[in-house]
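*Asks:* In case it's useful when we look at the structure, here is the feature table from Swiss-Prot:
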type	residues	note
BINDING	LEU20, ASN27, LYS156	xanthine binding site
BINDING	ALA128, ASN129, GLY130, GLN131, ALA132	5-phospho-alpha-D-ribose 1-diphosphate binding site
Amino acid sequence: MKELEEKIKEYGTVLPGNVLKVDAFLNHQVDPQLMLHIGQKFAKLFANEGITKIWTVESSGIAPAVMTGLEMNLPVIFARKHKSLTLNQNMYTADVYSYTKKTTNRISISKKYVDADDKILMIDDFLANGQAVEGLLEIADQAGVQVAGAGIVIEKSFQPGAGELKERGIRVESLARIQSLSDNKVEFVKD
């Protein structure tokens with residue numbers, strides 16, 4: 001997605017450890033117009049899949065997931081990272097390791113919002129090693145729901161996440177695919 005790649009070039013910052021900081025438009029400050037276009041693109045890519053719900057992990061996946069839900073007229077469920085006093089024990093849970101924060105979080109989705117006949121689309125801001133998507137897949141397995149695929153805003157193609165998901169038969173659609181973050185420069189995969 002050209003518009004997204006331009007935003008990354010203009011506002012993205014490469015940090016040590018192959019971390020791409022995009023807090024100017026995605027992870028802290030959110031560009032609503034860009035998120036709308038991202039939602040429209042995912043809606044088009046997954047239009048004929050019979051999707052019933054969109055899942056993401058809080059918090060940076062919420063904006064693109066909500067815009068995708070808006071475009072597809074579908075509810076969005078975000079997996080919570082922290083236990084809430086308002087959420088009871090009727091939860092599906094999975095442990096997810098965060099590459100950027102170097103911590104493990106237990107994510108959870110209330111069973112109340114999951115139906116046995118659901119077909120879900122997973123949306124996430126980044127795909128590097130695939131931990132967040134793997135956590136959502138684990139919850140999908142527990143719930144017995146079908147998975148249509150994963151819509152990824154930014155994929156680090158030089159890390160194994162996308163390849164491993166595709167090997168498992170998961171459809172992965174990434175809007176910006178990064179080949180390298182060497183020398184503090186973002187280099188995109190050339191299609």
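The backbone N, Cα and C atoms fix where each Cβ goes, and this holds for glycine too.
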*Asks:* Taking just the CA atoms, what is the gap between GLN131 (5-phospho-alpha-D-ribose 1-diphosphate binding site) and ASN27 (xanthine binding site) in Å?
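*Replies:* ASN27 (xanthine binding site) has its Cα 18 Å from the Cα of GLN131 (5-phospho-alpha-D-ribose 1-diphosphate binding site).
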*Asks:* With every protein chain in view, what's the tally of Cβ atoms within 10 Å of the Cβ of ALA132 (5-phospho-alpha-D-ribose 1-diphosphate binding site), excluding that atom itself?
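*Replies:* I get 30 for this one.
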*Asks:* Among the binding-site residues listed here, LEU20, ALA128, which has the most company in the form of other Cβ atoms within 10 Å of its Cβ?
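*Replies:* Ranked by Cβ atoms within 10 Å, first place goes to ALA128.
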*Asks:* Of ASN129, GLN131, the binding-site residues given in the record, which has the fewest other CB atoms within 10 A of its CB?
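*Replies:* Least crowded of the binding-site residues ASN129, GLN131, by Cβ count within 10 Å, is ASN129.
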*Asks:* Pop the Cα-Cα gap between LYS156 (xanthine binding site) and GLY130 (5-phospho-alpha-D-ribose 1-diphosphate binding site) into the table, whole Å please.
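*Replies:* Approximately 10 Å lies between the Cα of GLY130 (5-phospho-alpha-D-ribose 1-diphosphate binding site) and that of LYS156 (xanthine binding site).
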*Asks:* Near ASN129 (5-phospho-alpha-D-ribose 1-diphosphate binding site) in space, meaning Cα within 10 angstroms, which of the binding-site residues do we find among LEU20, ASN27, LYS156?
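*Replies:* Neighbours among binding-site residues, in sequence order: LYS156.
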*Asks:* Could you check what DSSP calls LEU20 (xanthine binding site) once collapsed to helix, strand or coil?
*Replies:* strand
*Asks:* Other than LEU20, ASN27, LYS156, which residues of the same chain sit close to xanthine? List them in sequence order, counting a residue when its Cβ is within 8 Å of the Cβ centroid of the site.
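*Replies:* Other same-chain residues near the xanthine site: GLY12, VAL19, LYS21, VAL22, THR100, ASP125, PHE126, ALA128, ILE154, ILE178.
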*Asks:* Sorry to bug you, but what's the C-alpha spacing from LYS156 (xanthine binding site) to ALA128 (5-phospho-alpha-D-ribose 1-diphosphate binding site), rounded to the closest Å?
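*Replies:* Checking the Cα atoms of ALA128 (5-phospho-alpha-D-ribose 1-diphosphate binding site) and LYS156 (xanthine binding site) gives a distance of 5 Å.
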*Asks:* Measuring Cα to Cα, how many angstrom lie between ASN27 (xanthine binding site) and ALA132 (5-phospho-alpha-D-ribose 1-diphosphate binding site)?
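*Replies:* So the alpha carbons of ASN27 (xanthine binding site) and ALA132 (5-phospho-alpha-D-ribose 1-diphosphate binding site) sit roughly 15 Å from each other.
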